Amino acid sequence: MLRATLKSLLGRKLRLVLSGLAVVLGVMFVAGAFVVTDTLGRSFDQLFATAFEGTDVGVSAKPKIEVSEMEGEQVASTLPAAAVQQVRNVQGVKSATGVVNSDGARVIGSDGKVLAGTGPPRLGENWVGTDDLLQLREGRGPTADDEIAVNALIAKQGKLKIGDKVGVLTLEPKKMFTLVGIWGYAGDKDSIGGSQEVAFTEPVAQKLMIGRTGEFNMINVKAADGVTPEQLRDRIAATIGAGYDVKTGDQLAEDNAAGLKEFLGFFNKILLGFASVALFVGIFLILNTFSIIIAQRTKELAMMRALGASRRQVIGSVLLEAVVIGLVAALLGLGAGVGVGAALGQFFASLNDGFEMATVGVPLSAVVSSLLVGVLVTVVAALLPALRASRISPVAAMQDVATPDRPLTKVSVAGAVVGATGGTLLAIGLYGSGGLWLILGGVLVCFIGIALLTPLISRPVVALLGRLFSWSVPGRLGRLNSGRNPRRTAITAAALMVGIALVTGVTVVMDSAKKSLAAQAEDTIRAQVIIGGDQNGPRPPTFDPAVIDKTAQIAGVRGAAGIWQDQAKINGELTYVTATKDLAVLGDAFGGLQLSPLKDDQMAVSTQQLTEKGWKVGDTVSVQLSHGDERRYTITESYDEDAMVGGYQVPFAAAKDFGIPQPVFGFVRLTDGTTVDQVLPAIKALVADSPEVSATDRTTFIQDQLADLDTIITMVQVLLALAILIAVLGVVNTLALSVLERTRELGLLRAVGLSRGQTMRMVTVEAVVISVFGALLGVAVGSGLGAAVVRALKDDGIDQLVLPWGGMGTYLVLAALVGVLAAVLPSIKAARLNVLAAIAHD
Amino acid sequence: MTGTQAPEPMAARAEEVWKVYGKAEAQVVALRGVSATFGRGRFTAIMGPSGSGKSTLMHCLAGLDTVTRGTVHIGGTEVTGLNDKAMTKLRRDRVGFIFQQFNLLPTLTAAENIRLPLDIAGRKPDPQWWDTVIETVGLQDRLKHRPAQLSGGQQQRVACARALISRPDVIFADEPTGNLDSKSGAEVLSFLRDSVREHGQTIVMVTHDPVAASYTDRVIFLADGAIVHELANPTPETVLEAMKSGEVLV
Ligand SMILES: Nc1ncnc2c1ncn2[C@@H]1O[C@H](COP(=O)(O)OP(=O)(O)OP(=O)(O)O)[C@@H](O)[C@H]1O
Ligand SMILES: [Mg+2]
């Protein structure tokens with residue numbers, strides 16, 4: 001039996017290649033995800049190992065608020081100069097240097113634009129001289145308050161040279177400096193992992209980066225000879241007390257890398273999620289292939305049964321075939337995945353100038369998951385066909401089996417049951433307390449249910465679609481062929497459905513969210529002009545508070561309110577808080593609320609937050625901001641969150657303890673009769689010095705804020721492209737197999753005068769009908785799923801349902817094109833058939 | 001190797017046709033210089049032992065296969081040397097086929113199958129001829145059925161109707177009754193003979209069966225790729241006699 005299996009395997013190369021390809025692509029995605037995560041992870045390890053090479057022990061104050069990499073940006077904590085002295089006195093310390101290095105120093109290049117920086121930090125530092133790692137390339141360190149040195153990366157990106165006047169944005173608005181030095185790093189590196197670094201004199205660094213002189217972010221300690229970093233760490237920790245984190249350089253490197261790896265882990269999960277979709281679609285393809293192969297092999301299998309093979313042996317032979325295909329495909333996929341992982345890593349590196357990628361490795365996780373997934377997926381897909389094969393009776397060997405049309409009742413009932421189960425799961429997930437997994441599971445089960453129902457749906461829909469082509473003989477034949485095997489058409493179309501449904505669903509949700517939020521914002525925001533920036537780094541761009549005051553002076557401006565924002569812990573829970581100079585002005589400019597001013601120990605909380613937390617006006621809560629001590633505030637007022645910025649308003653006095661004590665937005669309300677055009681130029685002139693910040697009218701502002709949602713749609717489309725590609729392979733596969741199966745028919749048609757062109761058209765129509773049917777299903781199912789999600793989000797403010805007709809139309813047209821493309825090879829094959837050989841074929 | 005010089009105008013003609021399959025060692029000479037003329041309105045049978053080249057000759061005559069040497073004419077057109085497009089058109093408009101089995105498209109009804117060559121060509125059937133054909137094959141009440149719902153004999157009759165409907169210059173039938181019982185076979189054969197007698201159709205039929213051959217006007221005997229004997233107005237007995245004679249049984 002084994003020999004026979006392997007022989008029949010090799011005898012059907014085309015089918016193997018096509019069904020194997022689905023596994024290869026899916027596994028490639030899986031392996032690629034693991035490889036890129038591993039490679040980048042090791043790159044980060046290397047990077048931080050380099051960064052902390054010169055640090056035996058690092059001392060920093062425990063952050064007031066710990067923010068993980070996933071939740072937002074950690075505000076660097078600060079420590080007083082006295083602590084540096086204290087550490088210096090510890091026995092075994094060779095040197096202890098107070099270091100300022102905070103993210104947020106944005107250098108303006110020679111073209112007047114802020115240097116791009118999306119990933120790696122833009123550090124502002126105090127100049128502490130050169131060492132083994134840091135090496136001056138040109139000039140010297142800054143000695144005067146208006147001097148800076150920058151690392152070579154900045155100099156290159158900004159095309160800066162010694163003596164240039166360079167603008168730098170920090171906590172304070174743009175300040176001009178003279179560039180006196182450019183440095184690089186050991187090993188001829190321009191940067192460490194793409195970080196931009198600017199060094200000021202110590203007092204300037206403290207003032208601009210921390211906001212307080214006499215404070216540092218960290219103490220960099222070197223151990224005297226004979227003292228290990230660990231010993232020194234323990235000694236310092238014992239001396240300096242509980243308010244500090246004391247860690248060895250290795251620990252610091254590890255901690256820093258761990259933060260980024262958390263991100264990678266998340267990224268990995270997303271990639272794997274999309275890989276699962278691709279593999280899920282692949283299952284359809286493989287299932288279809290095996291079903292067709294087995295239908296075609298009916299005689300052969302029946303013969304084996306007649307010769308005494310048991311059912312078990314038949315199942316075994318089919319599953320063995322699956323294992324072999326799965327294994328080979330998994331190995332190929334693994335190989336391709338390493339390539340993809342390397343390419344993704346390169347892509348990431350290219351996004352971050354100066355990022356050095358570690359050598360690409362193949363982690364064990366990639367190998368294990370690839371093989372497991374490849375084999376498992378193939379075997380699962382082959383299970384049903386294997387069972388069907390085992391039910392072939394030996395008599396079939398003697399009969400001319402025109403595979404009888406099995407009734408669709410059973411499969412349809414199963415589909416209805418499965419679909420209903422999926423719908424229920426989805427409903428519980430959406431409306432109950434189910435959460436994401438239940439929703440995803442529900443969607444998956446729904447897909448299976450719909451796929452099972454598809455044969456039933458396919459009959460009327462395919463007949464209807466086919467009408468479009470029935471005006472010509474090839475068209476009519478193609479239509480008849482596509483309706484010929486409802487199961488096969490259905491599975492092929494269902495595979496295409498999955499990808500398109502997900503894309504459509506996401507688009508429905510995003511578009512609805514966009515429209516709803518935009519409408520709400522239009523309703524709520526009364527300010528006609530908004531000052532603010534695009535948040536393209538880890539921190540929102542802030543601007544000089546003076547801009548707000550000056551704006552308020554402009555003729556035609558009724559009021560201008562700046563808002564300051566930061567993360568804070570309220571009763572121990574991480575949340576965002578807002579502060580403004582005058583709540584009354586903000587209330588008027590933003591949502592038309594009338595709020596009384598807050599005293600220094602008072603705060604206002606939205607009714608929504610009060611309900612959620614179970615608090616009431618009059619309660620006292622404790623608030624920990626990025627800086628300063630924990631303070632208690634009494635809730636004196638509540639308001640409607642929909643008509644205000646943020647859920648918690650703290651008094652303006654607290655804003656100085658925010659991570660960045662500068663406003664992020666300014667809301668400007670004009671006097672009646674003043675048009676936006678009259679004041680906008682004046683306001684724009686005020687922010688001219690803050691290149692990341694702009695003043696825009698309300699509509700533009702709202703659209704800009706919601707632009708991220710479009711990015712999500714694009715991302716999902718890109719990531720689902722693979723699943724859709726696999727589905728297209730499925731169409732190719734089905735057609736190729738159909739052409740093969742109908743060789744004699746094609747021969748007959750050619751014999752009675754069907755031309756090559758007509759033959760190709762016939763095959764193409766079949767492909768187009770199947771693809772468009774799949775896309776129609778996808779669009780319909782996606783809209784349904786999207787609408788369900790939107791409906792469930794009603795309470796969260798998404799109250800408008802937007803169906804992306806344009807997008808759906810595009811998918812249908814694309815599907816038709818895909819059909820044409822998928823038909824190219826099979827139709828050529830069909831047209832090339834030798835008429836005689838085809839007639840003789842069996 | 002004698003082609004009969006038929007007095008009537010010819011429907012198809014082979015001249016010194018050679019067909020060689022394969023190369024060098026594996027070479028098989030299937031036809032060695034066959035010349036034959038098939039007159040208009042005649043019903044000709046081709047007989048001969050298995051492997052003698054009957055099917056090959058027919059395929060070459062019908063433009064389904066190329067000849068190695070020699071020429072083939074259908075009506076006034078030289079078939080040899082036509083490209084695929086012209087060949088397809090020739091098959092569509094001027095040649096009819098009836099194969100031993102698998103003659104019909106399972107997706108189409110009997111009527112649609114019959115109409116297929118006309119549909120492909122984008123022509124409408126002549127209603128009178130349509131009625132005549134349907135009536136002669138006796139399929140009036142089976143037109144809406146699909147092949148799977150028809151008996152083997154009925155299927156072959158549909159195939160005959162399809163071959164006739166476009167009034168081709170010549171119909172080629174390769175063992176059309178090979179898979180049928182004698183009663184259904186007889187039906188199909190008399191139908192073919194009638195279409196020759198009554199409508200002047202030209203038919204070339206390959207058969208092994210002396211009884212089937214007796215429906216025709218003329219039998220050509222092939223052996224080892226060459227014509228070895230001819231018989232006019234055959235009866236089962238004369239055919240059998242010819243087959244028994246050493247000349248035919250090579
Ligand atoms: N495609 C081919 N390649 C090689 N040889 C072929 C091919 N087709 C036919 N032959 C050979 O040509 C010779 C004639 O074959 P043909 O099919 O014409 O015989 P036939 O008279 O129709 O036989 P039968 O009565 O068995 O149908 C045979 O020897 C056969 O093996
Ligand atoms: Mg033959």
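Numbering starts at 1 and runs along the chain as displayed.
Cβ atoms here come from the backbone N, Cα and C positions, even for glycine.
According to TrEMBL:
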type	residues	note
DOMAIN	A:18-238	domain 'MacB-like periplasmic core'
DOMAIN	A:274-394	domain 'ABC3 transporter permease C-terminal'
DOMAIN	A:489-685	domain 'MacB-like periplasmic core'
DOMAIN	A:719-834	domain 'ABC3 transporter permease C-terminal'
TRANSMEM	A:16-36	transmembrane segment
TRANSMEM	A:270-294	transmembrane segment
TRANSMEM	A:314-344	transmembrane segment
TRANSMEM	A:364-387	transmembrane segment
TRANSMEM	A:408-430	transmembrane segment
TRANSMEM	A:436-469	transmembrane segment
TRANSMEM	A:490-510	transmembrane segment
TRANSMEM	A:718-740	transmembrane segment
TRANSMEM	A:765-790	transmembrane segment
TRANSMEM	A:802-825	transmembrane segment
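Among residues of the same chain six or more beyond the transmembrane segment (A:270-294), those with a C-beta under 8 A of the stretch's C-beta atoms are 12, 15, 18-19, 22-23, 25-27, 29-30, 32-33, 36, 301, 318, 322, 325, 373, 377-378, 380-382, 384-386, 388-389, 444, 447, 451, 487-488, 491-492, 494-495, 498-499, 502, 719-720, 722-723, 726-727, 729-730, 733-734, 737, 741.
Distant neighbours of the transmembrane segment (A:314-344): 1-2, 4-6, 8-9, 16, 19-36, 38-39, 286, 290, 294, 301, 304-305, 360, 362, 366-367, 370-371, 373-379, 381-383, 385-387, 389-390, 392; these residues of the same chain sit at least 6 beyond its ends, with a Cβ under 8 Å from one of its Cβ atoms. Of the recorded ranges A:364-387, A:490-510, A:802-825, the transmembrane segment (A:718-740) has the largest number of C-beta contacts under 8 angstroms with A:490-510. Of the Cβ pairs linking the transmembrane segment (A:802-825) with the transmembrane segment (A:436-469) and spaced 6 or more residues apart, fewer than 3 are under 8 Å, so the two regions do not touch.
Cβ atoms under 8 Å from those of the transmembrane segment (A:408-430) belong to residues 436-456, 486-487, 785, 788-789, 791-792 of the same chain, restricted to positions at least 6 beyond its ends.
Summarised as a single figure, the pLDDT of the domain 'ABC3 transporter permease C-terminal' (A:274-394) averages 84.
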